[in-house]
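So the structure is just underneath, and the comments pick up after that.
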Amino acid sequence: MILNSSTEDGIKRIQDDCPKAGRHSYIFVMIPTLYSIIFVVGIFGNSLVVIVIYFYMKLKTVASVFLLNLALADICFLLTLPLWAVYTAMEYRWPFGNYLCKIASASVSFNLYASVFLLTCLSIDRYLAIVHPMKSRLRRTMLVAKVTCVIIWLMAGLASLPAVIHRNVFFIENTNITVCAFHYESQNSTLPIGLGLTKNILGFMFPFLIILTSYTLIWKALKKAYEIQKNKPRNDDIFKIIMAIVLFFFFSWVPHQIFTFLDVLIQLGIIHDCKISDIVDTAMPITICIAYFNNCLNPLFYGFLGKKFKKYFLQLLKYIPPKAKSHSTLSTKMSTLSYRPSDNVSSSAKKPVQCFEVE
């Protein structure tokens, strides 16, 4: 818990009740190393995703619009990751000034909300494309997808404003270090619990319920399709993919959300024990690594569910340039079921194996 003290030279001086919380030598080595790995892998992977979707696949489908924006949001976050790596390696000493403190903090918050919102919209799009391919054709347009992405970026920007306003550089007098941190003027302030609940509910619980519902309905539709088409072999890979998507999202974010909530309780003074503060402050950067590393892999994960994406991705790795002209395909080509229970369309020759493709 941090207590307010005084202000000098434009930098607020504060006292830390638990100055040793989270300050371990292995954290100062392990976390910067993990950040560096996430930065290299994330920048490389997401840059390739952007190139493949924009230059090779020509951004023709709704799903590709969401994936492109997901990769761009990840890149924006990854560009600030070296700052956090240096910050942690210097034992939580912030050398970059107040403006970069705000920008880097806002980038972390922005990526959280933008990525979660985009994944939620992608799950809704998959549901509409698979379960209601005909009815949703007029709604699942490129214009709607692009407008949705603009709204998502604006919402993520608004959700990140508290980081811009309340994240600042502080000098901790009893440890003699300058940190980039949230600081609340009063323990009675409702702001920290409001921000914490917003992150828990808007940044995880509500999107997870939508994602879980969407893929559960897809699961049921696929099972019904297989029951009707008993003469066709069942492909359990689709069900494994659905399970992987839901569990991947859940276990990536649950640890971070739990420790975020505990951190709010510490900031409010509800938890006073320095041992608990040490556990939370030690675990927090580890949960960040788990959440954001998985987050940065999402564009590749979702992209590789499509055959065309894999084809173009391998072409790019082999330095094969995109074709100047590309024959367009209908947006509704991706992810239609051979049996369409909601649209009363008879079975076709297509198999439901392609239900998660993004081309």
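Using the three backbone atoms N, Cα and C, a Cβ is placed for every residue, glycine included.
From a predicted model like this one, the values you see are computed outputs, not experimental measurements.
Residues annotated as topological domain 'Extracellular' in Swiss-Prot: 1-25 (among others).
Under the heading N-linked glycosylation site, Swiss-Prot lists N4 (among others), citing sequence analysis as support.
Annotation comment: Swiss-Prot describes Q15, D17, R167, F182, H183, Y184, K199 as angiotensin II binding site, evidence class similarity to another entry. Shown in sequence order, H166, R167, P192, Q267 are the residues of the chain, 6+ apart in sequence, with a C-beta less than 8 angstroms from the C-beta of F182 (angiotensin II binding site).
Packing around C18 (disulfide bond) is summarised by its Cβ count: 19 other Cβ atoms lie within 10 angstroms of its Cβ, all protein chains included. Feature annotation from Swiss-Prot assigns disulfide bond to C18-C274 (among others); the stated evidence is similarity to another entry.
What Swiss-Prot records for 56-61 (among others) is topological domain 'Cytoplasmic'. The average pLDDT computed over the topological domain 'Cytoplasmic' (56-61) stands at 81.
Positions annotated as topological domain 'Extracellular' by Swiss-Prot: 90-98 (among others).
Around C180 (disulfide bond), the same-chain residues at least 6 positions away in sequence with a Cβ under 8 Å from its Cβ are Y87, W94, F96, C101, A104, S105, R167, N168, V169. According to Swiss-Prot, the disulfide bond annotation covers C101-C180 (among others).
Secondary structure counts, DSSP: the topological domain 'Cytoplasmic' (126-141) has 6 helix, 0 strand, 10 coil. Here Swiss-Prot flags 126-141 (among others) as topological domain 'Cytoplasmic'.
The topological domain 'Extracellular' feature in Swiss-Prot is assigned to 166-190 (among others).
The feature N-linked glycosylation site is assigned by Swiss-Prot to N176 (among others), with sequence analysis given as support. Same-chain residues at least 6 positions away in sequence with a Cβ under 8 Å from that of N176 (N-linked glycosylation site) are not found in this chain.
Marked as N-linked glycosylation site by Swiss-Prot: N188 (among others).
Feature annotation from Swiss-Prot assigns topological domain 'Cytoplasmic' to 217-239 (among others); the stated evidence is similarity to another entry.
According to Swiss-Prot, the feature topological domain 'Extracellular' maps to 269-278 (among others). Mapped onto DSSP classes, the topological domain 'Extracellular' (269-278) shows 5 helix, 0 strand, 5 coil.
Taken from Swiss-Prot, the feature topological domain 'Cytoplasmic' applies to 305-359 (among others), supported by similarity to another entry.
For 337-349, the entry in Swiss-Prot reads compositional bias 'Polar residues'.
If you look up Swiss-Prot, you'll see 337-359 marked as region 'Disordered'.
Cβ packing within 10 Å was compared across the disulfide-bonded residues C101, C274, and the lowest neighbour count falls to C274. Within 10 Å of the C-beta of K199 (angiotensin II binding site) we count 21 further C-beta atoms, all protein chains included. Here the CA atom of K199 (angiotensin II binding site) lies 24 Å from the CA atom of C274 (disulfide bond).
N176 (N-linked glycosylation site) falls within neither a helix nor a strand when secondary structure is assigned with DSSP, and so counts as coil. The DSSP breakdown of the topological domain 'Cytoplasmic' (56-61) into helical (H, G, I), extended (E, B) and coil residues amounts to 1 helix, 0 strand, 5 coil. Counting only the Cα atoms, the space from K199 (angiotensin II binding site) to C18 (disulfide bond) is about 25 angstrom.
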